[in-house]
Each structure stands twice: as structure tokens, then as C-alpha cells.
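Structure record follows, encoded as C-alpha cells.
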Protein chains: 2
Amino acid sequence: MDPKILTLYVIPDRRQGAPRSILEQTAAALEGGATAIQLRDKELSARELTDLASRMTEMCRKKGAKLFVNDRLDVALAAGADGCHLGQSDLPLAAARKLAPRPFLLGRSARTVEQARVALEEGADYLGVGAVYPTGTKDDASVIGVEGLKAVVEFTSLPVVAIGGIGSSSVREVMATGASGVAVVSAVVGTPDPTASAVELLKLMIKP
Amino acid sequence: MDPKILTLYVIPDRRQGAPRSILEQTAAALEGGATAIQLRDKELSARELTDLASRMTEMCRKKGAKLFVNDRLDVALAAGADGCHLGQSDLPLAAARKLAPRPFLLGRSARTVEQARVALEEGADYLGVGAVYPTGTKDDASVIGVEGLKAVVEFTSLPVVAIGGIGSSSVREVMATGASGVAVVSAVVGTPDPTASAVELLKLMIKP
């Protein structure tokens with residue numbers, strides 16, 4: 001896959017992004033130049049998720065961005081999304097790859113070089129690597145630090161999107177590891193102006 | 001599909017079936033002659049569900065029974081299960097049918113003649129119709145009664161499995177509507193001897 005897709009990967013969140021809806025957060029992030037959006041929500045039914053993913057896919061398409069659905073490969077496929085992101089406790093990747101051949105995109109979370117190796121072998125298109133910094137988003141997020149991120153980036157041939165507590169003060173340090181981009185929640189949707197925050201992050205990522 | 005698959009459709013439940021595990025409940029129900037098992041669990045990760053569904057599919061196959069996964073079509077497909085059961089708030093049925101062509105089996109919950117009509121049109125293989133009686137299993141189960149069940153059975157050309165509060169005292173009345181079978185939770189897995197309970201239900205279903 002084109003690693004540029006991963007440049008600014010925004011994950012709307014009904015709590016951190018409140019009072020904006022997931023759709024409003026998506027629109028604001030895309031307006032600011034987000035290259036990918038991930039739909040991640042554990043409260044909606046599959047029917048509601050599918051409807052939402054369909055609308056978000058359309059919004060992304062108009063802006064040349066990609067829509068990924070977290071965990072639910074069936075929802076991603078039913079909605080015509082561009083891809084699905086699978087954590088280590090989500091669907092077995094090899095089985096997912098069989099159900100969803102390329103050009104459908106499959107992302108996999110990987111905290112270690114070993115997980116990265118297996119993900120490549122099983123057919124991942126990109127890796128989500130982190131948590132780089134402590135984050136309030138996931139209770140169980142284990143911090144691997146910039147060094148941990150760098151270890152995976154240097155090992156793998158897959159494009160890597162770094163995730164976990166990344167913001168304007170750390171994005172340069174993260175990109176210096178060779179990661180293709182950053183995945184963010186609060187640094188975009190948790191700010192008063194998500195569009196401006198996305199624009200600022202992208203500016204910081206352009207090498208001086 | 002062969003409507004005999006629906007004759008005794010057992011849904012293991014980690015609470016109502018405690019202290020037996022879902023696998024133990026499955027084994028006991030199959031031993032008693034269950035013709036179908038549905039894996040329904042909202043607490044396990046997709047990875048755990050897929051592992052469990054794979055094992056249950058194998059157990060069912062050895063007994064000539066079918067394994068359905070509730071809600072998660074991706075898990076059902078990844079595990080090589082026989083089918084998936086989709087409630088009205090689960091995946092849109094038409095999209096699911098496209099992702100999972102026959103002979104993979106798709107069940108759909110239907111409380112009304114109108115829902116039954118749409119389900120047939122969208123590609124369902126069978127209908128789950130209920131709740132026939134009040135039940136503690138689903139808080140939001142709306143009771144349609146034996147009359148409501150009969151209305152759907154008489155309308156649709158699809159095989160119907162009746163669900164909701166059905167037990168040994170009501171199974172004859174339910175089967176008299178023309179339903180192909182009964183789906184049960186507590187009447188099998190909630191009893192001291194699930195195997196014996198399954199055997200008894202099946203005996204009651206044989207016309208005298």
C-alpha cells in the first residue's frame with residue numbers, strides 16, 4: 001500500500017471528541033488534511049456501525065482519504081470501507097486476509113518485532129505500533145516508547161503508523177524513527193479546533 | 001436449507017449455563033441430540049470467539065449438527081462455521097448475503113410478517129421468530145405469543161425456529177404452529193442435566 005495513506009490517521013472518539021459526533025469529528029479531521037480515518041466504537045450495533053462506516057467511507061473518498069473499521073471485518077466489508085484494523089485480540093489475521101483479499105487493506109497492531117514478523121507473514125498491509133507514549137485512550141495500552149517504535153520500524157518492511165499519546169510536541173521525534181505517519185485521537189478530535197490541529201500536525205511532519 | 005437443522009437449536013450461555021463452560025454446554029446438548037448450536041457471547045474478543053467457534057464447529061460436525069455464530073459474520077467465516085444468525089440490529093442482511101454466499105447459512109430474527117418478508121427478499125435461509133413467551137435471557141425481548149409466531153410461520157416460505165421462553169411444557173404448542181423447531185437457552189443449558197433435557201424436548205416434539 002501507499003504509505004502516504006498513514007501520514008495522519010485520525011480516530012474519532014465519542015467521549016474525547018464530545019460534543020462533536022463521530023461524523024462531525026471525521027469531517028473536521030478530513031478538512032484539516034487527515035489521510036485516513038478509523039471508525040472505532042464498541043457501543044454501536046453492527047447495523048449502526050455499518051451505516052456510519054458507509055457514510056464515513058463516502059466522506060473519505062471525496063477527500064482522497066481512506067476509511068478503516070476497527071475490529072469488525074464484516075462491517076468494513078459490508079460498508080465498502082477501504083480497510084480494517086485488527087488488534088492482537090481481534091480476528092486471526094491470516095483468516096481475515098482470506099476473507100478480504102487485496103486491494104482491501106488490513107492493518108495489524110504490533111508492539112514487538114516478533115508481532116511485526118508474524119503480521120507480515122499473515123498478510124498485513126501496515127502495522128499500528130505503540131503505545132509510543134502513555135495515553136488515556138486505552139487502559140491496557142502498554143508503552144513501548146520511541147525506542148520500541150524504532151525497533152519495529154527498523155525491522156519491518158511494512159509501513160508503520162505510530163500510535164499512543166502522540167501530539168504536536170512529539171510528532172517530529174516520532175517521524176524521525178522512519179514511521180510513515182501518526183495515528184491520533186485526542187491530539188486532533190480532543191482539541192477545540194480539530195481542523196486546525198490536523199493542519200498543525202501535518203505542518204510539523206514536513207521535514208524542514 | 002434442510003429445516004431439520006432447526007429442530008433443536010441450543011444456545012449455550014455463560015451465565016445461565018454456569019458452572020458449565022460454553023464448550024461443556026455444547027457437548028452436553030449435542031449428546032442429547034441438539035441439531036444446531038449457536039455461539040452467542042458479547043464478552044469474548046473476536047480472537048477468542050473465533051477459536052471457540054472453530055472448536056464448536058468441529059464438535060457439531062462430528063454429531064451431524066450445525067454451528068451458527070451470533071452477530072459476527074467475520075468470526076463465523078473465519079472459524080469455518082456453518083452459518084451466522086443476524087438480529088435486526090446486526091449486519092444488514094443483503095450485505096451479509098453478498099459476503100457469505102450459500103451454502104453458508106444465514107438466519108435472521110423476525111418478529112413480524114413484514115420483517116419475515118424482507119428477510120426472505122434479502123437472502124435469509126431461516127427465521128428466528130419470537131419471543132414466543134417471556135424470557136429472562138434478553139431484556140428487550142418483546143413477546144409476540146404463539147399467535148404472533150403462527151402469523152409469521154403461516155406467512156413465510158422460510159423455515160422458522162421459534163425462540164423465547166420455550167420449554168417442555170410449551171414445546172408441543174409451539175410445534176403445532178408449523179415451526180420447524182425450537183431455539184432454547186435455559187430449557188437445556190440451565191437445567192441440572194442438559195443432555196437429558198435435550199432428549200426430553202426432542203421426545204415431546206415427535207408427534208404422537
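Keep in mind that glycine also has a Cβ here, set from the backbone N, Cα and C atoms.
Keep in mind that TrEMBL annotations are predicted by a computer and have not been checked by a curator.
Annotated in TrEMBL:
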{"type": "DOMAIN", "residues": "B:8-188", "note": "domain 'Thiamine phosphate synthase/TenI'"}
{"type": "BINDING", "residues": "B:Gln38, B:Leu39, B:Arg40, B:Asp41, B:Lys42, B:Asn70, B:Ser109, B:Lys138", "note": "4-amino-2-methyl-5-(diphosphooxymethyl)pyrimidine binding site"}
{"type": "BINDING", "residues": "B:Asp71, B:Asp90", "note": "Mg(2+) binding site"}
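On the structure: features taken from TrEMBL.
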residue  : record                                                         : DSSP (3 states)
B:Gln38  : 4-amino-2-methyl-5-(diphosphooxymethyl)pyrimidine binding site : strand
B:Asn70  : 4-amino-2-methyl-5-(diphosphooxymethyl)pyrimidine binding site : strand
B:Asp90  : Mg(2+) binding site                                            : coil
B:Ser109 : 4-amino-2-methyl-5-(diphosphooxymethyl)pyrimidine binding site : strand
*Are any of the binding-site residues B:Leu39, B:Arg40, B:Lys42, B:Asp71, B:Asp90 near chain A, where near means a Cβ under 8 Å from a Cβ there, and if so which?*
B:Asp71, B:Asp90
*Inside 10 Å of the Cβ of B:Asp71 (Mg(2+) binding site), count up the other Cβ atoms and send me the figure.*
23
*asked:* I need the CA-to-CA distance for B:Gln38 (4-amino-2-methyl-5-(diphosphooxymethyl)pyrimidine binding site) versus B:Asp71 (Mg(2+) binding site), whole Å please.
replied: 10
*Specify the count of other C-beta atoms within 10 Å of the C-beta of B:Leu39 (4-amino-2-methyl-5-(diphosphooxymethyl)pyrimidine binding site).*
27
*Between B:Ser109 (4-amino-2-methyl-5-(diphosphooxymethyl)pyrimidine binding site) and B:Asp71 (Mg(2+) binding site), what C-alpha distance do you get in Å?*
11
*Rank the binding-site residues B:Asp41, B:Asp90 by the number of other Cβ atoms within 10 Å of each Cβ and report the first-ranked residue.*
B:Asp90
*Give the number of CB atoms, excluding that of B:Lys42 (4-amino-2-methyl-5-(diphosphooxymethyl)pyrimidine binding site) itself, located within 10 Å of its CB.*
8
*State the count of C-beta atoms found within 10 angstroms of the C-beta of B:Arg40 (4-amino-2-methyl-5-(diphosphooxymethyl)pyrimidine binding site), not counting that atom itself.*
20
_If I restrict to non-local contacts, at least six residues apart, and a C-beta distance under 8 angstroms, what lies near B:Asn70 (4-amino-2-methyl-5-(diphosphooxymethyl)pyrimidine binding site) in its own chain?_
B:Ile11, B:Gln38, B:Leu39, B:Arg40, B:Asp41, B:Cys84, B:His85, B:Gly87, B:Asp90
*In this predicted model, what is the average pLDDT of the domain 'Thiamine phosphate synthase/TenI' (B:8-188)?*
96
*Among the binding-site residues B:Gln38, B:Ser109, which residue has its Cβ surrounded by the fewest other Cβ atoms within 10 Å?*
B:Ser109
*Would you kindly give the Cα-Cα distance separating B:Lys42 (4-amino-2-methyl-5-(diphosphooxymethyl)pyrimidine binding site) and B:Asp71 (Mg(2+) binding site), rounded to the nearest Å?*
10
